[in-house]
Structure formats: structure tokens, C-alpha cells
Amino acid sequence: MSRLELLNVLDNLLKPNEVKDYCPNGLQVEGKLRIKTIVTGVTASQRLIDAAIEHQADAILVHHGYFWKGEPAVVTGMKQRRLKALLTNDINLYAYHLPIDIHPELGNNAQLGSLLGLVNSQPLTDIAPNGIVFKATLAEPVTQQALTEKISQVLGRTPLVEGDSNKLIQHVAWCSGGGQGFIDQAAAAGMDAFISGEVSEQTIHSAREQDIHYFACGHHATERYGAKAVGDYLARELGLDVRFIDIDNPA
Ligand SMILES: [Zn+2]
């Protein structure tokens with residue numbers, strides 16, 4: 001398919017015009033006209049670009065692309081090397097940030113929820129954009145230890161956990177990536193637990209003083225699933241050759 005046809009498919013699916021974001025969503029770097037092979041990943045890092053080149057990909061699709069609000073506009077250093085590698089190899093870069101977090105089925109939050117067994121999830125109300133924080137109610141209350149074990153098993157890493165280990169958990173809210181600030185809205189909404197990727201110093205105080213369990217599971221680890229799910233959708237619906245490449249990141 002053509003570069004523009006793929007852009008239209010992705011825009012129709014992810015609806016970037018409906019959210020206010022910190023970066024351009026869609027085609028960020030223009031490459032070759034025809035696209036058959038796509039590499040998906042979390043971040044358009046040099047390692048992912050190198051893997052895409054090795055895989056002879058026509059396009060890369062990521063959650064974290066380039067051109068963030070407030071970053072230096074010049075093309076030097078690390079940014080020059082990344083762009084040079086893409087342009088020299090004629091590889092298209094498609095990036096969708098918040099649209100990949102919030103998509104109701106394929107997004108980071110939706111995918112993370114279903115992997116953790118948080119079924120019948122829905123957006124935690126009144127936070128924009130809709131779907132940036134999800135919530136779900138477990139059929140049976142679970143212990144902090146049980147949820148810790150589930151997260152460790154699903155994500156392949158042990159989360160940082162705060163909260164009263166004797167208090168059971170039934171109502172859970174979550175936001176992938178750097179969503180730790182939403183712990184206050186989760187507590188205000190009466191959630192028993194909040195899950196995010198990153199943690200800040202004050203997140204721990206929020207958890208302690210609002211009596212809410214908190215799990216920091218890693219920015220990368222919680223965002224490995226959205227771009228992958230979108231890629232799987234493209235392979236299924238359009239017959240494209242799509243491969244997800246995980247460039248591990250401990251953060
Ligand atoms: Zn992120």
C-alpha cells in the first residue's frame with residue numbers, strides 16, 4: 001500500500017485530531033512511497049531504527065516519536081543521526097503518542113488492562129483526553145501480594161509497590177507510562193489501587209496519605225503493548241508484514 005493509504009488507515013483508527021498532544025501524530029518522517037514491511041516499537045530510538053534497517057522495513061510505527069513540544073528545533077547530534085538513518089534508508093516514521101495510549105481496544109491502557117485481567121474496563125471519568133486513565137472492578141478482592149505477582153508475571157519485572165499490605169484491592173485504576181500524577185484523581189474516585197509506569201517522589205506520599213495502593217511498573221514495560229496491537233491489526237486487516245521489536249529499557 002502507499003505511504004498515504006497507510007496514514008489514512010492509521011488516522012481513521014487512532015483519530016489523532018480528537019486529542020491535544022505534545023507532538024505531531026501521524027507521518028513524522030517521509031520515506032519510500034510503497035509500504036509492505038513495518039517494524040513496530042515503543043520508541044523511535046537508534047536501536048529500533050537499526051533493527052528496522054536490518055529487517056529491511058519500509059516503515060516504523062511507534063508510540064514515542066520525535067519533535068516534542070519545547071525540544072530544541074535544530075537537527076544535531078543524536079537527533080541528526082536518527083533522522084539521517086531514516087532518510088538514508090528511505091524509511092517512513094509513523095508516530096502516535098496519546099492516540100496510542102487511549103485507544104479503547106488497541107491502546108496501551110486497554111492492552112495493559114486485559115493482560116492484567118482487569119476486565120470490563122472503562123475510562124476514569126472527567127480526565128482529558130478520555131481514556132488516559134482506565135478503571136476496572138475485580139470480580140473478587142485480591143491482596144496486594146497477589147496483584148504484585150500478577151504484574152510481575154505479565155510484565156516480566158517486579159513493580160515498586162507502596163500501600164497497606166493488609167488492605168484488599170478490588171477497584172483499580174491505571175495509566176501507562178508517565179501517568180503517576182493521576183494517582184490523586186484515582187484516590188479521589190475511590191479506587192483501592194493505582195498502577196502507572198513511572199514513579200515520582202511525591203507519588204509515594206500521595207499513596208500513603210490517601211490510603212491507596214500504588215504500583216510503579218516501568219514506563220517502557222507498561223507501553224510495550226499499544227503499538228504492537230496496532231501493528232497486529234495492520235497485519236490482520238491489510239496483510240502487511242509487521243514485526244514488533246522490543247528494545248528493552250529498564251525505565
Ligand atoms: Zn510513554
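Cβ from N, Cα, C; glycine included.
Predicted, not measured: the structure shown is a model, and the values here were computed from it.
Pulled from TrEMBL:
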| type | residues | note |
| --- | --- | --- |
| BINDING | His63, Asp101, His219, Glu223 | divalent metal cation 1 binding site |
| BINDING | His64 | divalent metal cation 2 binding site |
8 Å Cβ shell about His63, Asp101, His219, Glu223 centroid, divalent metal cation 1 site members excluded: Val42, His64, Ile100, Asn108, Ser176, Gly177, Gly197, His220, Thr222, Gly226
Rounded to the nearest Å - Cα separation of His64 (divalent metal cation 2 binding site) and His219 (divalent metal cation 1 binding site): 11
Cβ contacts of Asp101 (divalent metal cation 1 binding site) (under 8 Å, same chain, 6 or more positions away): His63, Gly107, Asn108, Asn109, Gly131, Ile132, Cys175, Ser176, Gly177, Glu223, Gly226
Among His63, His64, His219, which are binding-site residues, the residue with the most C-beta atoms within 10 angstroms of its C-beta: His63
Secondary structure of His63 (divalent metal cation 1 binding site) (DSSP, helix/strand/coil): strand
